[in-house]
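Taken verbatim from TrEMBL:
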| type | residues | note |
| --- | --- | --- |
| BINDING | Gly137, Met138, Ser139, Asn140, Ala141, Gly142, Lys143, Asp144 | ATP binding site |
| COMPBIAS | 369-385 | compositional bias 'Low complexity' |
| DOMAIN | 118-301 | domain 'FtsK' |
| REGION | 365-385 | region 'Disordered' |
| REGION | 412-432 | region 'Disordered' |
Amino acid sequence: MGLIAMNVGTLIFMLALAALLVAGVRYRKMVLLVADLQADLNDAKAMLAKAAATIAAQPKPAAAIHYVEPVSTYVDRTPLAGAGNALAKPPADLRTTINELSKHTNGRRYFIPLGWSVSGLTGASLQGDVNHILISGMSNAGKDNAALGMLLSLALTHSPQELQIGLIDGKGLDWLGWRNKAHTWLLADEPERIGDAMAKLTNERRRRREILANADCANWDEYHGHDLPLLVVFISELSLLEDAVKARELGAWLNSELSAGRAFGIRYIIGTQNASNFETRWRGQISLHMASSQPNRAADEPNTGMATSDLEAIGVIPPSKLIAPPDGAGVFTVVQAPKAVTVRVPFLTKQHRKFLLDQLPDAPKKPLQQASAPVASNANNQAQPNQPDAMLAALLNGEPLIDQRSINQSSDLARDNGLNNASGSTQTGGSTQAVLSVNQSPLVALPVVAGVDPAEVKKIAEAAPRHKSRSALCNELYGIRGGTPYNRVKLVCDALGLLEAPQIQQAA
Ligand SMILES: Nc1ncnc2c1ncn2[C@@H]1O[C@H](COP(=O)(O)OP(=O)(O)OP(=O)(O)O)[C@@H](O)[C@H]1O
């Protein structure tokens with residue numbers, strides 16, 4: 001019994017020892033595991049700290065203007081006598097204004113400067129803040145100069161993929177320098193071109209509508225594709241549009257374009273001497289008024305959207321009481337009801353305008369050859385929703401620019417703006433290189449498409465406008481809807497942005 005008892009005792013002791021040993025091993029393992037985890041955590045922390053330091057050391061992905069820092073950021077805060085809080089001498093260097101603006105954007109895009117007052121710079125965003133703008137004032141009030149400052153600021157801080165500009169002038173040669181810029185989508189600088197320009201804008205609105213509908217987006221703000229830059233259109237003198245179409249038609253056109261354009265990423269900046277002379281319906285679409293001097297009280301409300309007494313009540317100078325040009329040139333009462341401020345816009349000298357324009361990337365200068373097919377032409381000004389504007393298509397597809405000299409000149413900005421630099425001749429090379437023009441009637445060079453004979457490229461491009469889909473086009477040309485022939489059709493259509501545009505597919 002004693003033996004058995006001893007054996008049982010030994011057994012229990014042994015079992016307890018074994019259990020302790022197992023627990024000890026487990027505990028040790030756990031300790032080691034915890035130590036490992038701790039080491040991993042420390043490694044991860046070190047890696048994170050290193051990554052954070054690297055990110056901090058990198059230059060900020062700032063606006064394209066970063067390489068032309070303002071020379072001076074000094075601002076003289078003296079007000080102009082008789083112009084409320086507007087500054088007498090706002091900074092003449094637009095870079096100072098852009099620099100100041102950048103401090104207030106909080107990462108939001110499409111900010112424009114509106115002018116300087118003793119309280120600083122007033123600005124607004126064309127996304128989610130201001131839609132269409134009316135700039136009014138008598139001759140030499142500084143309307144064009146104000147619009148120029150806004151457009152240059154936008155173009156210097158947004159790539160051509162983010163922003164395109166339409167210019168309808170017809171008053172002179174002020175906007176000639178924009179003709180060959182990558183940001184310029186439309187330049188109608190002669191009265192005879194204004195009718196076509198209006199039709200082109202209507203077509204673009206319809207094209208955008210279709211893209212957004214296909215992508216199931218209620219409006220441009222919801223759209224995340226990269227093929228719809230904000231399109232900002234400046235009309236320098238509204239009455240010139242009346243000469244192109246009848247007054248009643250102009251009212252209807254403005255009403256449609258302003259009311260619908262807003263949802264499709266199109267913003268209008270409309271200049272006119274006095275909005276009182278135009279019908280009232282479209283004026284309801286204006287969300288920001290910039291009004292310079294007007295000869296009488298009756299003009300205050302049509303040009304600002306607020307009555308004289310209301311403007312005075314909030315402490316700004318009504319247009320009828322502003323100093324007339326030349327002394328008051330550049331002074332505007334800016335109204336986004338119920339807020340308002342009287343400001344002065346900096347005047348940009350001819351040399352400074354040229355300097356700033358030179359910073360913008362150039363558009364392709366000449367196509368290699370002219371397409372014989374009406375690939376991107378809008379001969380009858382009919383809406384062709386599946387055929388994007390030629391220049392836009394080239395830019396948005398990231399296709400290289402043709403003119404090597406102009407590429408070299410603007411290579412830095414092109415890189416900053418996300419444009420591809422050409423790396424070889426447009427005649428050779430394996431990739432598709434659609435070369436497009438910035439002219440009114442865009443010319444399209446047939447692309448060099450790897451694996452597709454140039455004669456076939458031409459055949460496909462010519463036949464494309466007759467079809468609604470690539471497979472139908474393929475069927476007509478090759479009697480089959482798929483296989484290798486379809487691949488050839490696809491390559492050419494992709495290169496020219498024809499039929500089912502690839503961007504739409506991506507977004508859908
Ligand atoms: N912000 C400004 N500060 C000082 N002077 C200015 C300013 N803006 C314009 N000016 C002066 O007014 C002149 C005309 O400017 P601008 O062409 O912009 O006026 P506008 O209102 O568009 O004239 P118009 O309706 O006749 O075309 C300029 O050449 C310049 O002398």
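From the backbone N, Cα and C atoms, a Cβ is placed for every residue, glycine too.
All TrEMBL annotations are machine predictions without curation.
Sequence features annotated in TrEMBL and their locations in the structure.
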| residue | record | Cβ contacts under 8 Å, 6 or more apart |
| --- | --- | --- |
| Gly137 | ATP binding site | Lys143, Gln273, Ala291, Ser292, Ser293, Gln294, Pro319, Pro325, Phe332 |
| Met138 | ATP binding site | Gln273, Asn274, Ser292, Ser293, Gln294, Pro295, Ala324, Pro325 |
| Ser139 | ATP binding site | Gln273, Pro325 |
| Asn140 | ATP binding site | Pro325, Pro326, Ala329 |
| Ala141 | ATP binding site | Ser292, Ser293, Pro325, Gly328, Ala329, Gly330 |
| Gly142 | ATP binding site | Ser292, Pro325, Ala329, Gly330, Val331, Phe332, Val345, Phe347 |
| Asp144 | ATP binding site | Lys171, Asp174, Ser236, Gly271 |
| Neighbourhood of the ATP site (Gly137, Met138, Ser139, Asn140, Ala141, Gly142, Lys143, Asp144): other residues with Cβ within 8 Å of the Cβ centroid, in order? | Gln273, Ser292, Pro325, Ala329
| field | Mean per-residue pLDDT computed across the domain 'FtsK' (118-301) | value | 94
| task | Taking a cut-off of under 6 Å between Cβ and any atom of ligand 1, tell me which of the binding-site residues Met138, Asn140, Ala141 pass. | result | Asn140, Ala141
| request: Would you count the other CB atoms within 10 A of the CB of Lys143 (ATP binding site), including those on all shown protein chains? | output: 28
